[in-house]
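Engineer: From TrEMBL, for reference:
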BINDING   B:GLU23, B:GLU53, B:HIS56, B:GLU141  Fe cation 1 binding site
BINDING   B:GLU53, B:GLU105, B:GLU141, B:HIS144  Fe cation 2 binding site
Amino acid sequence: MAAAGGLRSAGWRLWRGRAVVRCHQYPPLRALQASAALRRASDEHRKEPLASSSQQHFDSPPDGHQPEQKPQGPHPSYTGQGGQESEDYESEEQLQHRILTAALEFVPEHGWTAEAIAEGAKTLGLSVAAAGLFHSDGSELILHFVSECNTKLSELLRKEQKLVQLGEAEKKPIDEFLRDAVEARLRMLIPYIEKWPQALSVLLLPRNIPSSLNLLTSMIDDIWHYAGDQSTDFNWYTRRAVLTGIYNTTELVMMQDSSPGFEDTWRFLENRVADAMTMSNTASRYNPLEKLLSRA
Amino acid sequence: WTLDNWSQNPVIDRILRVDHAGEFGANRIYAGQMAVLGRSSVGPLIQQMWNQEKDHLKKFNELMVAYRVRPTVLLPFWNVAGFVLGAGSALLGKKGAMACTVAVEESISEHYNNQIRTLIEEDPEKYKELLQVIKQFRDDEQEHHDIGLEHDAEAAPAYSVLKTAIQLGCKVAIFLSERI
């Protein structure tokens, strides 16, 4: 039994190795073929990944999050609870999601690279060839991380909103709300701050711009939504543009900040938000056209 | 190129965005007409139709916020263009204003009918409330159209040219507002 298992796993690794080599020749198909191979393998060898103790942690189906390649709505979860051969099916996206989540732990050490992904795959009991599923510049890893941070921020804002609705917390004034939301989101970068400049440059690659822009805009829209923005005129755009500017500049300041607890960054943020508030008050007071344009 | 990837539900997104833009434009058209003909005999009639459009716009504002839909960037443009169209048609006289109303309301009714068809094809149960709203509004616009005809719209100067031009403009406005 054990011998058969050993032979099977040796054959599995050989087969997956071959799948990855074949994939290098056809880059556009590589992700599809490699992950299909991985999925077939993981179908047959479900016991193997489940046996590793670090599994428990990653088996929960991702609910309502946005996978980095298709940032559109939740996808159905297929992971079963028991070890039943026929029901325990994991989709390709979920597998990639698990690998990338595991890889984040190794980013401070290896950067946003295939090494980090390989290490992550190892902790899941998969072969390091799993890193072949992804681009070598770590794009998917970074986009995955950004998407996860945005989801966490939404959760946080939703919970706060619930508390306010239940009367257990005070409704914050707009400038404080925006400041806190941006600060909360930027704080999620702190564990990875050394390698974040590298991530920013990868996010600006033409290939990644649609996805990274999409993630940025939906995060900013989320913040304004929870701040109570109900504009349906051109203000909708102005507010989001201003907040995007505040967020991006604060992020850049944070990269260069060496003060204790990033207090310089938070002070910068406070000033920028105050500037924005002043600008909007001045504009509505002195600009009749702005008033005209914002009236329905 | 449609910025569609911002939205959670592209179908609703487009529908609400273009309807919101349309009601906003209609408001501005009537405002333009009132600016010229407000003190004439058709003033009260135009005011009444304008009030109904204001209600429509209010409803769409609520729906936009509820569904978290992005408004069209062209709003400032429709703001001006609508007013100019309203005032311009009113300068051609009362019949000119009525002709403009007939043209616009006919376009809008047809447009709402298309949306109703789309929503029914998609999922009539899920979009029940929205369907009710659109049907009601379509009936209102149809009524405006009929009022326009009753008030000698067809006797307006260059009626068919005017009507064709305005309806072409509406088609372009609808196409753009759905996407941008």
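From the backbone N, Cα and C atoms, a Cβ is placed for every residue, glycine too.
Keep in mind that TrEMBL annotations are predicted by a computer and have not been checked by a curator.
The shown structure was predicted, so the numbers you read here are calculated from the model rather than taken from an experiment.
Can you tell me where each of these features sits in the structure?
Structural biologist: In three-state terms derived from DSSP, B:HIS56 (Fe cation 1 binding site) belongs to a helical segment.
Cβ-based neighbour count (10 Å, all protein chains) for B:HIS144 (Fe cation 2 binding site) stands at 24.
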Engineer: What are the non-local neighbours of B:GLU105 (Fe cation 2 binding site), defined as same-chain residues 6+ apart in sequence with CB under 8 A from its CB?
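Structural biologist: Expected: B:GLU141, B:GLN142, B:HIS144, B:HIS145, B:GLY148.
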Engineer: Name them in sequence order: residues not among B:GLU53, B:GLU105, B:GLU141, B:HIS144 whose Cβ is within 8 Å of the mean position of the Cβ atoms defining the Fe cation 2 site.
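Structural biologist: Along the chain, the qualifying residues are B:ALA26, B:MET49, B:GLN52, B:THR101, B:VAL104, B:ILE108, B:SER109, B:ASP140, B:GLN142, B:GLU143, B:HIS145.
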